[in-house]
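Trainee: What follows is a single structure, and I will ask about it in a moment.
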């Protein structure tokens, strides 16, 4: 009887021990599964992001091989059309409302769009002109720096032109009944100049700049120069008249773009100074 009771107690203890052991194993397995799920979620998100980006890149590459892309990039008519549309839009914005006595009520959403475009535009100018450009130039080989700038240059002026157009459109819309005021007309003029310069640079100056950049790099790669950091050393090409001619043309176009960029920054500072005088909440 005693032996039977002892065996029964032992079996109960063993069963409890098994249950505790299984519970611990399940908890460890659950923790492990949670970690795997978290890792897999991030991996899946990264994977699908890559798939979307690669799909967009593939579509764009197919578009580059089409006839329409050649028409848009190899001819000047599309650039003329975009410029004409831009000037027409700016001209239409300058017409006052039919009811000049009507007080414009600015929309909070439009104000958000306006402030976001102004701040993003000026931030991009500061970053590209004083942080990104100088840092990369003094840290990367010149050819590597040129390849990076070749990608950033068109996007920089395209994005800034769009942001300038947004800022100009919203500002004119909110001040449509005040177009006769000197300070308002000065701001409209500054925003218009900023937008048109960035648009012209993107459409008419950036393509020849990239073309001259490629020609210059081809000369330098053939001569085995161009990997110096923070300086320009032509080496054996210093006596090559054809290279010097291409490089001189490149410097002229680059300097013209740089001057245009400085003018747009002056316009941005002028507009920010105007906005700072309108802030009464600080």
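Cβ coordinates are placed from backbone N, Cα and C, and glycine is handled just like the others.
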Trainee: Per TrEMBL, which of 49-71, 118-140 is transmembrane segment?
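Mentor: That would be 118-140, the stretch labelled transmembrane segment in TrEMBL.
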Trainee: From 27-44, 81-98, 99-116, which range did TrEMBL mark with transmembrane segment?
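Mentor: It is 81-98 that TrEMBL describes as transmembrane segment.
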Trainee: Match it up for me: which of 231-252, 253-274 does TrEMBL list as transmembrane segment?
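Mentor: Feature transmembrane segment in TrEMBL: residues 253-274.
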Trainee: If I go by TrEMBL, the feature transmembrane segment sits on one of 5-25, 152-172. Which?
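Mentor: The range carrying the transmembrane segment annotation in TrEMBL is 152-172.
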Trainee: Please identify the stretch among 118-140, 152-172, 253-274 with the greatest number of Cβ pairs below 8 Å relative to the transmembrane segment (184-205).
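Mentor: Selected stretch: 253-274, with the most Cβ pairs under 8 Å.
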Trainee: What residues elsewhere in the chain lie close to the transmembrane segment (81-98), defined as a C-beta under 8 angstroms and at least 6 residues from its ends?
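Mentor: That would be 104, 165, 168-169, 172-173, 176-177, 179, 188, 192, 195-196, 199-200, 203.
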Trainee: If I take every residue in the domain 'TMEM205-like' (117-216) and average their pLDDT values, what number comes out?
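Mentor: Mean per-residue confidence for the domain 'TMEM205-like' (117-216): 92 out of 100.
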